[in-house]
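Working notes, structure below.
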Amino acid sequence: MSSCNFTHATFVLIGIPGLEKAHFWVGFPLLSMYVVAMFGNCIVVFIVRTERSLHAPMYLFLCMLAAIDLALSTSTMPKILALFWFDSREISFEACLTQMFFIHALSAIESTILLAMAFDRYVAICHPLRHAAVLNNTVTAQIGIVAVVRGSLFFFPLPLLIKRLAFCHSNVLSHSYCVHQDVMKLAYADTLPNVVYGLTAILLVMGVDVMFISLSYFLIIRTVLQLPSKSERAKAFGTCVSHIGVVLAFYVPLIGLSVVHRFGNSLHPIVRVVMGDIYLLLPPVINPIIYGAKTKQIRTRVLAMFKISCDKDLQAVGGK
């Protein structure tokens, strides 16, 4: 960009630095993962909404999680695929800020829902007699609203902080989509407020959530170890396995990506970009698989849907 400007910049997305010639082929596994994520999460939302036996807090939170994963992956994947297959590298300043907001806000909302699910497990195991009173459907809906408001309020300032900056030198983003850290690095201005607020928001949302999730499981483990029989302990731990898997799938890539963004300047840019793409696609892909494999009602409904579909196909073939 030849001159400084504030709000009329057009950014250019590189994709995966060093692998530009392979973008066309890289797009196919990304599309496959996106299709799996869309299909799996839509199935979860449909089954939880239509299966009355799943209208319990844990599964309502799971439905919220699936909806967030759908929104998070859809906020980036269409543009990534357009970049990889049609060389659509340009993204307007406003579109970049909008994408940035949704990526960060939806991640914060998902973190809050994971905390709520940990609280649900804590109450169910440590205070089972109070579970129905503490976490009814009304409270569950209120927690969902709080999660949306919390994530939106904490990360709404990020686009505003970017808007105050001037961009004079490069408009090239070494990434497949827009995130605060990468856009901020292109600015020709003091970015200290952006750095401080971005780090503060992450610590106050994800940091606090991780702390309370860890505390919940510390209390859960302490309670479970006091159970008299091995079968009771195994059953109690079994109700937490799916949630632990989902928590690890979300936070491990997120923490790794945050560390690489802030302290991995010596690493090749390809590492940061690939980790970013994995972070956006891994949870939406594996969350439905984790909960589908562990939840009998979801597993049964999915198998029944496939059986009905196969029976109809066989009848159609037989009719011919």
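Backbone N, Cα and C define each Cβ position, glycine as well.
What Swiss-Prot records for this protein:
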DISULFID  Cys96-Cys178  disulfide bond
CARBOHYD  Asn5  N-linked glycosylation site
TOPO_DOM  1-24  topological domain 'Extracellular'
TOPO_DOM  46-53  topological domain 'Cytoplasmic'
TOPO_DOM  75-98  topological domain 'Extracellular'
TOPO_DOM  120-138  topological domain 'Cytoplasmic'
TOPO_DOM  160-195  topological domain 'Extracellular'
TOPO_DOM  217-236  topological domain 'Cytoplasmic'
TOPO_DOM  258-272  topological domain 'Extracellular'
TOPO_DOM  294-320  topological domain 'Cytoplasmic'
TRANSMEM  25-45  transmembrane segment
TRANSMEM  54-74  transmembrane segment
TRANSMEM  99-119  transmembrane segment
TRANSMEM  139-159  transmembrane segment
TRANSMEM  196-216  transmembrane segment
TRANSMEM  237-257  transmembrane segment
TRANSMEM  273-293  transmembrane segment
> Residues of the same chain, at least six outside the topological domain 'Cytoplasmic' (120-138), with any C-beta under 8 angstroms of its C-beta?
Replying inline: 55, 57-58, 60-61, 216-217, 219-220, 223-224, 236, 239-240, 243
> How about the transmembrane segment (196-216) and the transmembrane segment (25-45): do they have 3 or more C-beta pairs under 8 A, pairs 6 or more apart in sequence?
Replying inline: no
>> On the 0 to 100 pLDDT scale, where does the topological domain 'Extracellular' (258-272) sit on average?
In response: 70
>> Counting a contact as 3 or more Cβ pairs under 8 Å, with residues at least 6 apart in sequence, do the transmembrane segment (273-293) and the transmembrane segment (54-74) touch?
In response: yes
>> Give me the count of other Cβ atoms within 10 A of the Cβ belonging to Cys178 (disulfide bond).
In response: 26
> With DSSP helix as H/G/I and strand as E/B, how many residues of the topological domain 'Extracellular' (160-195) fall in helix, strand and coil?
Replying inline: 14 helix, 3 strand, 19 coil
>> Can you work out which residues elsewhere in the same chain, 6+ from the ends of the topological domain 'Extracellular' (75-98), have a Cβ less than 8 Å from its Cβ atoms?
In response: 7-15, 23-24, 26-27, 30-31, 34, 106, 159, 162-163, 176-178, 183, 277, 280-281
>> Quick test of the contact rule: Cβ under 8 Å, at least six residues beyond the ends. What residues does that give for the topological domain 'Cytoplasmic' (46-53)?
In response: 59-60, 62-63, 66, 297-298, 301-302
>> Counting across all protein chains present, how many other Cβ atoms fall within 10 Å of the Cβ of Cys96 (disulfide bond)?
In response: 24
